[in-house]
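Q: Taken from TrEMBL, the feature phosphate binding site applies to B:ARG93, B:ARG137, B:ILE138, B:GLY139, B:THR140. Residues annotated as substrate binding site in TrEMBL: B:GLN216, B:ARG218. Under the heading domain 'Nucleoside phosphorylase', TrEMBL lists B:53-303.
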There are 2 protein chains.
Amino acid sequence: MAAGFNEEKRAGKGPQSSYIINPHLDSMKEDILYHFNLGTATHDLPAMFGDVKFVCIGGSPWRMRSFIQYIAGELRLSDPNADFPDICAGTDRYSMYKAGPVLSISHGMGIPSIGIMLHELIKLLHHARCTDVTIIRIGTSGGIGLNPGTVVITKQSVDATFLPQFEQIILGKKVLRSTDLDEKLSEELLQCSKKLNEFDTVIGNTMCTLDFYEGQARLDGAFCSYTEEEKQNYLEEAYTAGVRNIEMESSVFAAMCKLSGLRGAVVCVTLLDRRKGDQMTSSHDTLNDYQMRPQKLVRHYIKKQLNVV
Amino acid sequence: MAAGFNEEKRAGKGPQSSYIINPHLDSMKEDILYHFNLGTATHDLPAMFGDVKFVCIGGSPWRMRSFIQYIAGELRLSDPNADFPDICAGTDRYSMYKAGPVLSISHGMGIPSIGIMLHELIKLLHHARCTDVTIIRIGTSGGIGLNPGTVVITKQSVDATFLPQFEQIILGKKVLRSTDLDEKLSEELLQCSKKLNEFDTVIGNTMCTLDFYEGQARLDGAFCSYTEEEKQNYLEEAYTAGVRNIEMESSVFAAMCKLSGLRGAVVCVTLLDRRKGDQMTSSHDTLNDYQMRPQKLVRHYIKKQLNVV
């Protein structure tokens, strides 16, 4: 852990034994995973989830539903047209689908929304006694200096001042957490992309913001107090700091992976080059094609891990 | 505007003429409201939305759909069993429904998610040339020192250190915005609740956090580094600062209302007393009953404004 970060240590003996760091959890008679509409007293979580090895997450419920159909077909787990029930059907906060060892979950938009989901997912994996889990965010982003449709595998998630840290507020005080991701996993994903050879993929830093408009230097929000030149200068500074894309979830994802010991990666396609514009003007079909790219890459990775040819 | 806040001024002549502060918008040939799947070149926004006077927003798409059916029946705008199509049907980011002058929109969970929605909503109201609009967030929250089911009308939205401010990052720099809400509107809503006389309602401060677990001093997240006593002390400090409930959207809502000139209020029911626990253990029916309370209150207010008896 880099100097300057608060000392926080994981409980348990290693990533295989527990992903949680909370001495209070074991004394609870029941744990309600409220935003999943699941719970230890109402559901047999080990039976439902004990075999999970890959968790793929993304903002949109529709995309995560289409991903599970796609991966189930590819892994020959079922008829590709089979229907997959939403495991979180009792709530509209998140959607969750499962096919064999693969779990697909939507997380909504922004750090708080993915944060709630990750707290409950990490507890779910703990209650279900899952081991050796890999989690990959497959998302969309704005690119800097890349052709639209390029896929970025995140090296480090950086904040709006380009530092690789996530600020968590606990009891009103700021705690800084490292946003380093698993280098080996990122490298393996890059190799998968090279073998696929269907679209450009790079490893780069990802800037994670709390806002889509003013927070990402867009000129087309309801409010804007800066000039086009100031926007371009800011994006140039980001580029110089190694930032290749901008999204809204990677920092808390990376911090929670590092803290819990989950092996995690962020794979996002760029929908536009922010140097050239702010609005998503590509056609619906083009944007859909772009959004399939992280799915294709992760499909290839999972098939390789499971030795499915 | 309180001393210490950056000077930011609204464009236009007053709340009736424009809600935006962005000199770039007028020079754009087209404005795509990407997360609504609406745009100025593809939709006749003045015809679709020009008559909107009340915008009610909440986290859950299901709740906002049931609200529009409820309000349409109450305002005798349609058969209460009529179906209302989702105006944002082409995207799963938000859901939007309309009945006469009332718009009902879901905003997901957390500041970033509601922030994107509000940017696009404020632009929508501008493009549709709407005037004299009132916006009310009807949500859920955790209470402090109140019986579960009590409704809190927000006086000020405060941060995790109990200050009435919202921190917006612009080009990597922090800008503090005031979170004062419309006092007159809050008072009118309180009077409506007194007339209704069906449940307890109070005016109090609302703490807005970026995280549901560690950020709200819960003991039941995946990570917890503090004791029950430290949790209780923090909640006690919050109570002393006038905080009566905790949620995750009010600060950016209040800041964007104040900046745009939209008349706004936050009306949230408390689902539990955080002094007594962290988990939502009430029955499904009880939680549903609680969630109807802000809807009932706002229904009463809108009927009064429209002189529907």
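Cβ coordinates are placed from backbone N, Cα and C, and glycine is handled just like the others.
Just so you know, TrEMBL annotations never went through curation; they're auto-generated.
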Q: Would you mind reading off the Cα separation of B:ARG218 (substrate binding site) from B:THR140 (phosphate binding site), to the nearest angstrom?
A: 16
Q: So if the criterion is CB under 8 Å to a CB of chain A, which of the binding-site residues B:ARG137, B:ILE138, B:GLY139, B:THR140, B:GLN216, B:ARG218 qualify?
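A: Listed binding-site residues passing the 8 Å Cβ cut to A: none.
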Q: What Cα-Cα separation, expressed in whole Å, is found between B:ILE138 (phosphate binding site) and B:GLN216 (substrate binding site)?
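A: Counting only the Cα atoms, the answer is 20 Å.
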Q: Which of B:THR140, B:GLN216 has the fewest nearby Cβ atoms, counting only those within 10 Å, among these binding-site residues?
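A: Taking B:THR140, B:GLN216 as the binding-site residues, the minimal 10 Å Cβ count falls on B:THR140.
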Q: Please list, in sequence order, the residues in the chain of B:ARG93 (phosphate binding site) that are at least six apart in sequence and whose C-beta is under 8 Å away from its C-beta.
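A: Same-chain residues close to B:ARG93 (phosphate binding site) (Cβ under 8 Å, separated by 6 or more) are B:HIS35, B:PHE36, B:GLY108, B:ILE116.
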Q: Across all chains shown, how many C-beta atoms besides its own are within 10 angstroms of the C-beta of B:GLY139 (phosphate binding site)?
A: 28
Q: How long is the line from the C-alpha of B:GLN216 (substrate binding site) to the C-alpha of B:GLY139 (phosphate binding site), rounded to the nearest angstrom?
A: 17
Q: Could you say which of the binding-site residues B:ARG137, B:ARG218 has its Cβ with the most other Cβ atoms inside 10 Å?
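A: When each Cβ's neighbours within 10 Å are tallied, B:ARG137 leads.
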Q: Among all protein chains shown, how many Cβ atoms are found within 10 Å of the Cβ of B:ILE138 (phosphate binding site), not counting that one?
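A: Result for B:ILE138 (phosphate binding site): 27 other Cβ atoms within 10 Å.
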Q: Widest Cα span across the phosphate binders B:ARG93, B:ARG137, B:ILE138, B:GLY139, B:THR140, in Å?
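A: Farthest Cα pair among residues binding phosphate: 20 Å.
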Q: Compute the average pLDDT of the predicted model within the domain 'Nucleoside phosphorylase' (B:53-303).
A: 96
Q: Should B:ARG93 (phosphate binding site) be counted as helix, strand, or coil on the basis of DSSP?
A: coil
